[in-house]
Amino acid sequence: MATRRALHFVFKVKNRFQTVHFFRDVLGMQVLRHEEFEEGCKAACNGPYDGKWSKTMVGFGPEDDHFVAELTYNYGIGDYKLGNDFMGITLASSQAVSNARKLEWPLSKVAEGIFETEAPGGYKFYLQDRSPSQSDPVLKVTLAVSDLQKSLNYWSNLLGMKIYEQDEEKQRALLGYADNQCKLELQGIQGAVDHAAAFGRIAFSCPQKELPDLEDLMKRESHSILTPLVSLDTPGKATVQVVILADPDGHEICFVGDEAFRELSKMDPKGSKLLDDAMEADKSDEWFATRNKPKASG
């Protein structure tokens, strides 16, 4: 499965300005592209909402060889209830630790050389105070699971991920498609996984010809297919094919055809300006305030 790639994790954003400040100024990521949409996504990329929304990709380098964050902002939604499903992203960056201290962004030491911080909305990030040993500082995404063995069967046997580490006592496992890619860490928890409204989505690419086979495999194994194979359009950019799956705990997983995605995900030198212009033009808070209405909760 060396042809598969870990691409990004999707976050729902309630305050775009503060969130961009965190990713850009605290973590030190750059805006790779920014896209505005007038209506909801056919694959529910922005969540189960059908109004105006935007997508901003941020990362430490081009999407071809970096795991990045997708920030989805729904103009009419002001809050998303957090669940226990997303347990954090770990990255190696002494610069991010230094930035957080300089900007007085809250940091708490959780182990020697490791600090916990939160993005707006409560999403946890773990910063290792060291230089990255690979070109991409993003090391792993940690998701909660209710039954580690069942999850390992799904992610490894069905989705073809290699198991890099497994600790029965600590109920955790580390998986990935390649040594130099961001890994997926599965952490067993007591009780059920609660996705609430802030739930995200992890995305991978594979050769486009594998998408129908992947969908057929999930049908045969009686696993969830949230969105059967569909084409997604982005104004002025490449059309991609995706299938959206869910693992045994309901974590959303997007598989996208790699060839078209490499076209779509090319870095846009105007991305940062497009985002800044969109934030400046966003009067949704004022619109709701003048009508004495709160934005809806997700």
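The backbone N, Cα and C atoms fix where each Cβ goes, and this holds for glycine too.
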With respect to Swiss-Prot, which of the residues Lys12, Lys109, Lys283 bears the note N6-succinyllysine?
Lys109
So which of Lys81, Lys183, Lys209, Lys273 shows up as N6-succinyllysine in Swiss-Prot?
Lys273
Give the mean pLDDT for the domain 'VOC 2' (137-258) on the 0 to 100 scale.
96
Cα separation, Lys109 (N6-succinyllysine) to Lys273 (N6-succinyllysine) (Å, whole number):
35
